[in-house]
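So that you can see what the record holds, here are the features copied from TrEMBL:
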DOMAIN    B:52-132  domain 'Cytochrome c'
BINDING   B:C65, B:C68, B:H69  heme c 1 binding site
DOMAIN    B:148-226  domain 'Cytochrome c'
BINDING   B:C161, B:C164, B:H165  heme c 2 binding site
TRANSMEM  B:246-266  transmembrane segment
Amino acid sequence: MSRDELVKLGSKLDGVELVEYPDPWPVKGTRAEKRAERMVAFWFALSGLAGLAFVVAFIWWPAKYVAPDEDGHLMYSLYTPVIGLTLGVAILAVGIGVLNYTRKFVPHEIAVQERHDGGSNELDKATILANLADAGNRSTISRRPMIKRSLAFGGGVLGLALTALPLGSLLRNPHAQSDNKDGLIHTPWQHTKEGEKVFLRRATGTDEVSLVRPEDMDAGAMDTVFPYREGDTAHDWTKMLLRGDSPVMLIRLRPADAARVIKHEGQEDFNYGDFYAYTKICSHVGCPTSLYEQRTNRILCPCHQSQFDALQYAKPVFGPATRKLAQLPIAVDEETGYFISTGDFIEPIGPAYWERKS
Amino acid sequence: MTTQPKKRRGRTKLRRRVAGLLALGIALMGVGALYSVLVPEPQTAQAQQDPVMVREGAKIYNNTCISCHGANLEGVKDRGPSLIGVGEASVYFQTSTGRMPAVAQSAQIPEKPRVLSPQEVDAVSAYVQANGGGVEMPEEKGAALRGEDPARGGELFRFNCASCHNFTGRGGALSSGKEAPALDGVAEEEMYAAMLSGPQNMPRFSERQLSPEEKKDIIAYVKSVTDGNNNPGGSPIGGLGPQSEGFIAFVVGIAALLGITLWIGAKH
């Protein structure tokens with residue numbers, strides 16, 4: 001059988017009848033056909049050229065940051081548009097080319113297929129059931145309990161293993177990464193030995209050690225500080241900056257506001273004069289809550305709009321947070337005049353976890 | 001014999017008087033010298049500005065500021081705070097950005113076209129500085145306030161400013177209707193004055209907390225990401241990060257794909 005006959009036979013067996021199967025270009029070599037061919041070729045070629053331009057721009061176009069007032073800023077700022085544009089044109093042109101080819105050169109046939117009614121007939125249903133039951137019976141599996149049980153064992157264990165694979169990646173020990181087993185309760189502010197001085201260090205964007213003295217801050221000021229111990233290296237500092245539980249907001253209240261402060265029981269001596277230090281980690285889900293408003297004395301968390309009152313032990317006054325921000329006990333080191341913390345937070349910082357009591 | 005003692009007595013009397021006067025004089029001078037050495041410079045605010053300018057400033061103050069800030073900068077209850085100790089930096093920021101004189105009480109005094117001319121701003125600043133003292137403006141002006149190291153400025157900006165003003169100075173919401181403004185088009189002096197004086201609810205950053213060099217680096221960073229300097233892709237789409245970009249890519253992209261699909265289907 002020739003190919004045409006085979007095609008026809010296939011359609012017939014499937015109950016498909018081709019009503020119309022026109023050749024898109026019945027007369028060969030017309031100008032319209034040539035034009036359509038050129039059009040498709042043009043899009044594919046354009047795609048190739050744009051792709052080539054993308055590769056060239058991706059490799060050689062200046063991508064390194066150039067400040068706005070320096071030479072070459074325009075070229076730098078064109079980097080993203082250029083690679084986006086070239087790659088975009090390359091993909092788009094391929095798409096348009098394929099579309100055009102399909103529309104112009106693939107025949108648009110009209111085929112009619114008989115619709116079958118749903119469901120097999122009763123005879124088929126009865127025979128297939130009998131067939132399956134017969135096969136099961138002839139395999140003698142029901143008479144061989146040892147094979148049955150070992151198969152159940154093997155299959156069951158394999159099933160368990162396949163379940164454990166995706167589930168296991170969801171199980172994590174939250175304490176595995178911490179330095180000690182109470183890692184969720186303690187922070188890097190914890191004193192590791194007797195009489196240790198943990199200074200409040202501000203981040204300056206350099207490795208220079210910048211500690212805070214009371215006179216450094218005006219009334220109505222806030223600074224973000226991290227723990228620093230004498231002898232800490234630049235590496236230790238990077239670690240402190242990366243740790244989620246180390247940032248602390250050091251706030252100097254305005255004197256008139258400081259007179260209205262209400263302290264929490266057990267935290268009466270945690271402040272130093274008008275200076276109060278609260279953790280930056282929100283007690284709701286742990287966002288950095290550092291939007292300090294110096295006149296309303298509110299600390300706002302940008303994620304879910306929880307607000308804490310800096311005049312009342314940072315208790316929540318608005319939003320979803322239910323716990324106060326933990327307060328860090330601070331004092332001024334008599335030898336050096338710098339702020340130090342006199343101990344760790346007395347409660348866990350940040351959001352809830354299973355073992356949390358408060 | 002009789003005159004001798006008399007004479008001597010007279011001489012000694014004169015000598016005693018002269019010596020007494022001399023001793024008094026020396027003692028007084030000594031006390032004066034000691035006083036001037038030992039007593040420290042008075043800590044009160046001193047008028048160092050041009051007195052003509054201060055008088056001019058007083059005139060403007062009495063016309064535009066007095067009803068809310070009081071005749072002696074002491075403030076008026078429920079209207080305006082005391083201006084004693086706010087300094088010229090605060091006055092400069094508030095008036096040159098048009099926030100002051102304010103139109104009405106609100107959660108936050110909005111920025112508007114400036115009412116006072118630059119000369120008037122300088123005069124009122126001089127008046128408030130002369131009478132209340134406080135933080136002063138830096139000597140440099142304009143581009144001289146841009147630091148050398150915008151990269152470090154960026155680090156400092158993210159530590160100290162980004163929580164309210166957004167990573168690229170787009171601004172953001174605060175509590176109860178207040179907001180941290182976007183930093184587009186803010187002059188270098190205004191940024192410096194704002195950091196120093198802490199206008200409205202912004203915390204203050206003294207020269208010891210953020211050194212002048214650090215402040216200038218921050219200004220250099222802000223200038224490098226605002227006023228359209230930070231949209232290499234053509235449009236910053238609000239500059240709010242992945243949320244707006246993802247949203248717009250999704251909405252625009254899906255709509256475009258739907259449109260194309262419908263177009264392809266409609267042709268046949």
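Note: Cβ is positioned from N, Cα and C throughout, glycine not excepted.
Structure with TrEMBL features highlighted.
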residue : record                : Cβ contacts under 8 Å, 6 or more apart
B:C65   : heme c 1 binding site : B:G80, B:L83, B:M100, B:P101, B:V124
B:C68   : heme c 1 binding site : B:G75, B:V76, B:R79, B:G80, B:A102
B:H69   : heme c 1 binding site : B:Y61, B:G75, B:V76, B:G80, B:P81, B:S82, B:L83
B:C161  : heme c 2 binding site : B:G169, B:I218
B:C164  : heme c 2 binding site : B:G171, B:G172, B:L174, B:A180, B:M202
B:H165  : heme c 2 binding site : B:F157, B:G171, B:G172, B:A180, B:P181, B:A182, B:L183
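Applying DSSP to the domain 'Cytochrome c' (B:52-132) sorts its residues as follows: 42 helix, 2 strand, 37 coil. Proximity to chain A (CB-CB distance below 8 Å) holds for B:C164 among the binding-site residues B:C68, B:H69, B:C161, B:C164, B:H165.
Close to the recorded heme c 2 site, the chain also has B:F157, B:N160, B:A162, B:S163, B:N166, B:G169, B:G171, B:G172, B:A180, B:L183, B:M202: residues not among B:C161, B:C164, B:H165 whose Cβ is within 8 Å of the site's Cβ mean position. Sorting each residue of the domain 'Cytochrome c' (B:148-226) by its DSSP state yields 39 helix, 4 strand, 36 coil. Mean pLDDT of the predicted structure over the domain 'Cytochrome c' (B:148-226): 92. What surrounds the heme c 1 site, by Cβ distance within 8 Å of the Cβ centroid and not counting B:C65, B:C68, B:H69, is the set B:Y61, B:T64, B:I66, B:S67, B:G70, B:G75, B:V76, B:R79, B:G80, B:L83, B:M100, B:P101 from the same chain.
Only residues 6 or more beyond the boundaries of the transmembrane segment (B:246-266), in the same chain, are considered here, and those with a CB under 8 A from a CB of the stretch are 237.
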